[in-house]
Each structure stands twice: as structure tokens, then as C-alpha cells.
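Swiss-Prot annotations:
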type    : residues                                               : note
BINDING : ALA67, GLN68, SER69, GLY70, THR71, GLY72, LYS73, THR74 : ATP binding site
DOMAIN  : 54-224                                                 : domain 'Helicase ATP-binding'
DOMAIN  : 235-396                                                : domain 'Helicase C-terminal'
REGION  : 1-20                                                   : region 'Disordered'
MOTIF   : 23-51                                                  : motif 'Q motif'
MOTIF   : 172-175                                                : motif 'DEAD box'
Amino acid sequence: MADKGLEDVPEGQIESNYDETTDSFDAMNLKAELLRGVYAYGFERPSAIQQRAIMPVIKGHDVIAQAQSGTGKTATFSISTLQKIDSNVKACQALILAPTRELAQQIQKVVVAIGDFMDVACHACIGGTSVRDDMKALQDGPQVVVGTPGRVHDMIQRRVLKTDHMKMFVLDEADEMLSRGFTEQIYDIFQLLPQSTQVVLLSATMPQDVLEVTTKFMRDPVRILVKKDELTLEGIKQFYIAVEKEDWKLDTLSDLYETVTITQAVIFCNTRRKVDWLTDKLTARDFTVSAMHGDMDQAQRDVIMKEFRSGSSRVLIATDLLARGIDVQQVSLVINYDLPANRENYIHRIGRGGRFGRKGVAINFVTADDVRMMREIEQFYSTQIEEMPMNVADLI
């Protein structure tokens with residue numbers, strides 16, 4: 001059961017022992033209603049970790065994936081989980097643990113959204129909520145349960161969360177969970193699961209305590225390392241424009257259009273409604289733009305992406321859902337009309353401006369309310385976002 005390949009791990013980094021990739025969702029043999037959910041969610045093609053990790057999980061291997069936040073790892077295990085569960089069996093078949101309530105709820109939303117066309121229930125089992133409500137929800141036998149270690153452990157001990165149909169156990173952000181002192185509860189949960197349960201572990205770092213979990217509880221795991229440098233801010237000039245009020249962003253954008261010759265740009269907004277609103281406003285001012293968000297069906301989105309890739313449409317306005325699917329070489333400029341609601345998405349939005357070794361420019365519209373988020377982003381990525389200079393046109 002112990003895995004020999006992990007004894008001498010350099011500086012908390014695992015070595016990949018699996019290099020097969022599947023570069024389209026269509027090639028993964030997913031259930032039709034799951035594939036429909038994947039596309040409806042806004043994915044176009046799998047990210048690096050999705051190309052590598054979804055298939056070994058579906059095939060039933062224990063999998064260790066070392067990947068940073070924001071690489072698409074939540075969807076990696078959500079898609080694999082949904083593929084493996086039997087929707088006719090009303091019992092928990094997959095248990096997903098996360099270090100915080102917020103992350104658990106976020107994962108639940110992703111599972112529910114991607115599983116939208118499947119008859120599958122997913123319950124979030126987290127502290128700070130009513131134990132009675134939890135017990136009631138678990139008695140209905142949701143096929144997927146996602147939760148924090150304390151509450152999940154409690155529910156298994158009360159025999160409300162039954163483990164006899166459990167096929168899969170996912171630990172997300174394992175390093176975080178162990179550093180928060182959940183080690184004992186996690187070990188206890190392992191002991192209460194059927195011996196045959198498949199284990200999938202995701203972690204940004206591989207400290208000793210995480211390696212111990214992998215050697216104790218995983219059988220001959222597939223190891224996948226998605227290096228940090230697959231997403232980088234290097235070569236991307238990042239600026240901000242201070243905008244006094246939200247209402248002034250539109251004029252700021254129009255002014256920018258006047259100063260800068262845009263070969264191709266993506267403008268990100270935080271909501272679908274804002275995308276539609278901005279598209280209407282810019283069209284009314286005679287700017288040619290296309291828009292794309294998760295409310296559109298796949299066929300519509302394909303047409304828009306094709307136009308954008310071919311260059312017949314030069315400006316694309318989109319939501320975060322699509323940040324991961326836009327892979328366009330010519331994008332020289334990314335504008336965050338809204339700063340992303342979570343900092344992990346920042347690199348997904350602007351990292352693409354500099355892909356394929358191209359240089360790019362990112363411009364963030366920042367109101368007084370956004371300053372804190374901008375500082376957080378700077379800290380998180382150890383980067384600097386400077387005030388936009390007058391000669392910005394020369395940089396693009």
C-alpha cells in the first residue's frame with residue numbers, strides 16, 4: 001500500500017510518474033449529460049491539470065495532483081466524480097474534504113453546476129450550520145458530499161453519513177487541511193471508509209505531513225505535477241486606472257479606445273448581466289465588440305470564439321467562467337473592467353495575454369472599493385500593479 005516513489009521528494013515537490021494527456025473533453029468518453037454540463041459551465045478545452053488528471057481518476061487510480069489554486073483543479077475532481085457515480089443509487093458515493101467552509105461551498109456550487117443535466121444531489125456538510133438540517137439532507141442520500149473535516153467526521157460518527165457505498169475520497173488543498181490541525185479527523189475518516197475507496201489528493205505543496213497521508217492511505221498512486229510556471233505574470237505589464245465612481249468606468253473605457261490601437265483585447269466583467277450591459281453600451285457608441293458568458297449555449301459560444309480567433313471580432317467581453325477557455329495568441333490587452341471577485345482568477349484573466357512568449361498589457365479599473373482587493377492580488381502573486389502611464393499606447 002505504501003508508495004515507494006515518495007521517499008526522496010525534493011523541496012516538497014512530487015515527481016510526475018504519468019504523462020498521458022487528453023486535450024479535449026470530447027475525447028474523455030464522458031456521459032453525454034455530463035459533457036453537456038461541462039460545456040454549459042463555460043469550459044472550452046481542458047486546462048493542464050484537467051488534461052492530465054481527469055482520465056486516471058476516472059480509470060480508478062489513486063491520484064496525487066500537485067497544483068496551485070486557480071489551475072482548474074476543482075473542476076478536475078468534480079468532472080471525474082460525476083463521471084464515476086451512479087445516479088440511480090441514492091447514497092453517498094463520493095466524499096470531498098476541503099479546509100474551509102467557503103471552499104467547500106464553492107466546490108459544491110461547481111459540482112451542482114457541472115452536474116446540472118444529471119440527476120445528482122450534492123450536499124455541503126460544514127460547520128456553522130444547523131446539525132439537524134445536515135442530518136435531514138444526508139438522510140436523503142446525496143451521491144456527493146463535500147465538507148469540512150470536523151462536521152463530516154461528526155456526521156459519519158453519528159451514522160448519518162453512511163460510508164458503505166463510498167467509492168471515492170477527495171482531499172482538496174490537503175496541505176491547508178493538515179496545517180489547520182485536521183490531521184486526526186482526516187485519519188479517523190480514512191479508517192471509517194471501505195478499504196476499496198479510491199483516494200484523490202490535491203495539494204499546492206507537499207510537506208512531510210501530506211506525504212505521510214499519501215504513503216499511509218494511497219495505493220500505488222499516479223503522481224501529477226502541474227508546475228507553477230504554466231501560468232505566469234512574467235512579461236505582462238500590469239497597470240491600474242483609478243476611477244472615482246463605478247459609473248465613470250464606461251467613459252474611461254471609451255477614452256482608452258481613443259488612445260490605444262487595439263489589435264485584440266478581452267474585457268472581463270464579474271457578472272453576465274454586466275457583460276450584456278457593457279456590450280450594449282459600447283455597441284451604442286459604435287464600437288464593435290462580441291460578448292460571451294455562461295448563459296449562452298455552446299454553439300453560440302463556438303461561433304463567437306471562432307470570430308475572435310480569426311480576428312474578425314477584435315474585442316471580446318466575458319465573465320470569469322470563460323477566463324480559462326480563452327486561448328488566443330493575439331490578445332495584447334486584457335482589461336479588468338471589474339477586478340475579479342477572487343484573486344485566483346486574476347492570473348487566469350491576464351496570464352493569457354502573455355502566453356506563447358508574447359508580451360501583454362493588463363489594465364485594471366479600480367474604484368476606492370477595489371483598492372484592498374488590488375493590494376491582495378499584488379501580495380498573492382508578489383507582483384506590482386502600477387498606475388497607468390500616459391504613453392500606454394507605446395507599450396501595447
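In case you wondered, yes, glycine gets a Cβ from its N, Cα and C as well.
Overlay of Swiss-Prot annotations on the structure.
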residue: ALA67; record: ATP binding site; Cβ within 10 Å: 23
residue: GLN68; record: ATP binding site; Cβ within 10 Å: 17
residue: THR71; record: ATP binding site; Cβ within 10 Å: 26
residue: GLY72; record: ATP binding site; Cβ within 10 Å: 20
residue: LYS73; record: ATP binding site; Cβ within 10 Å: 23
residue: THR74; record: ATP binding site; Cβ within 10 Å: 21
Practice item. Tally the residues of the motif 'DEAD box' (172-175) by DSSP class, grouping H, G and I as helix, E and B as strand, and everything else as coil. Key: 2 helix, 0 strand, 2 coil
Review point. So what's the average pLDDT for the motif 'Q motif' (23-51)?
Key: 91
